[in-house]
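What Swiss-Prot says about this one:
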- Val17, Asp35, Arg40, Thr86, Thr121, Arg332: NAD(+) binding site (BINDING)
- Cys261: active site, nucleophile (ACT_SITE)
Amino acid sequence: MFGIDEVKIAIIGLGYVGLPLAVEFGKSRQVVGFDVNKKRILELKNGVDVNLETTEEELREARYLKFTSEIEKIKECNFYIITVPTPINTYKQPDLTPLIKASETVGTVLNRGDIVVYESTVYPGCTEEECVPILARMSGMTFNQDFYVGYSPERINPGDKKHRLTNIKKITSGSTAQIAELIDEVYQQIISAGTYKAESIKVAEAAKVIENTQRDLNIALVNELAIIFNRLNIDTEAVLRAAGSKWNFLPFRPGLVGGHCIGVDPYYLTHKSQGIGYYPEIILAGRRLNDNMGNYVSEQLIKAMIKKGINVEGSSVLILGFTFKENCPDIRNTRIIDVVKELGKYSCKVDIFDPWVDAEEVRREYGIIPVSEVKSSHYDAIIVAVGHQQFKQMGSEDIRGFGKDKHVLYDLKYVLPAEQSDVRL
C-alpha cells in the first residue's frame, strides 16, 4: 500500500459534489478532475462554474488541478473518488446507472494497490454488493488483495455559502482497517471541521441515507400540520414561530420537497428495506405526503381563485421560482413541476420566471420555456414558489403589480408578511 505522500487523486464527476472536492485538493496536491461532459470541462478550464458553487478565484487557487474528459489522463492516478449522481427512476426505484458507468470507467484503469472511494448516496451494502464486483470484473483483479474501496458520503448543501465542504465534518470508511486509516488521513488534509471514521462502509452508507430520511420525515410532519392548520384557518408560520419559543422544538418549515437528496434518498433506504422483507411504513408515508404537496398547493390556489370569482379555465398563472431551493440554480427533481402539471389539468396557462435558472436546461429537462420578463397587470394568480433574494426584495407591491386588478397571491415560502398575501401554506 502507498503512503499519504504518494496519493494521486482523480475526481470522477465534477458536479455540485465533485468540483468543490477537486478544487480543495487541487490547492495543495496534483489532482485530475474527470467528467464525461466536454462542455462542462471547457467551462471549468475557462474558470466558469455554472453551478455557482465555486468562484473563479477559487478555481485559480487550485493550481495543481487539471480538468479532462479523457480516460487516459486518469490512468496514472491511484486514489479515485467517485461523485456521480444517484437518482431514482419513474417508479421511485434507485437508478444506479451513473454509478455503474463510473465504476466501469474506473475499473478499466485500475492498477494493483489502487483505492476507489465512493461519495454518492446509496443504500447500505451498495458499494460492496454492486460497485466492487464491477471494479473486479473490469480490472480482472481481486478485491482487498489487488484493489480497495472506501465510502465517504457527500454532505454538500447546494447554494449554502456558510456550510461548505471544508467546514462540514466528513464521515470516512474503508474496506480494511489500514485502508480506512489512509482514506481518513487523505480527507483530513482538506476538511478543517475534522473527520469521523465509521466502523464499516455499511455504517457510513447508512449514516448518510438516514440524514436525509430524517429531514424528509420532519418536513412531512410540518406539511401535514400545515394542511390541518389551513382547515382550521390558523396561520402555520405563526404556530411554528410560537412553538419555536421552546429550546428543543425543531425549526422545520412546510413546502415542496425536491432536489437531489431529500426527496430521493429515502427511496434508496426503502428499496433495500423491502428487499430484505420489511415494509418501512413511516418512511414511505412521509414520502407519499411530500410527493403530493404539489397537488395540494394547486388545489389551494384553485379554491382561492374560485372564491374570488376568477374563472380558472384559461386563466394565466405566474410562478416565481423553479429551482428546488432558494438562491441556487439547481433544478434537479424540483417539485414545482408538479404544480405546473396540476394547474395544466385545470387549463391554466402557466408562466415560469426564475432569474437563477438556465432556460435551456429547464427546456431540456422539463419541456418548459421560462419567461425572461414578466408582464405587468397580466396574471390571474401569482405563486411565490421559491424564496430567492430577488423576490424578497420586490415586496408585495411589486409582485402584485404582475397581477390583474383581481388576482390571487399565494406565498408558498413565507417571503411576505402574512397579511400581504391571499394564500399561504
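Every residue, even glycine, has its Cβ placed from backbone N, Cα and C.
From a predicted model like this one, the values you see are computed outputs, not experimental measurements.
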I'd like the number of other C-beta atoms within 10 A of the C-beta of Thr121 (NAD(+) binding site), please.
25
Could you tell me which three-state DSSP class Thr86 (NAD(+) binding site) falls into?
coil
I'm trying to understand the geometry here, so how far is the Cα atom of Arg40 (NAD(+) binding site) from the Cα atom of the residue listed as 'active site, nucleophile', in Å to the nearest whole number?
22
Should Arg40 (NAD(+) binding site) be counted as helix, strand, or coil on the basis of DSSP?
helix
For Thr86 (NAD(+) binding site), what residues in its own chain, 6 or more apart in sequence, show a Cβ-Cβ distance under 8 Å?
Pro94, Asp95, Leu96, Pro98, Leu99, Ser120, Thr121, Val122, Val264, Tyr268
Cβ neighbours of Cys261 (active site, nucleophile) where a neighbour is any other Cβ within 10 Å:
25
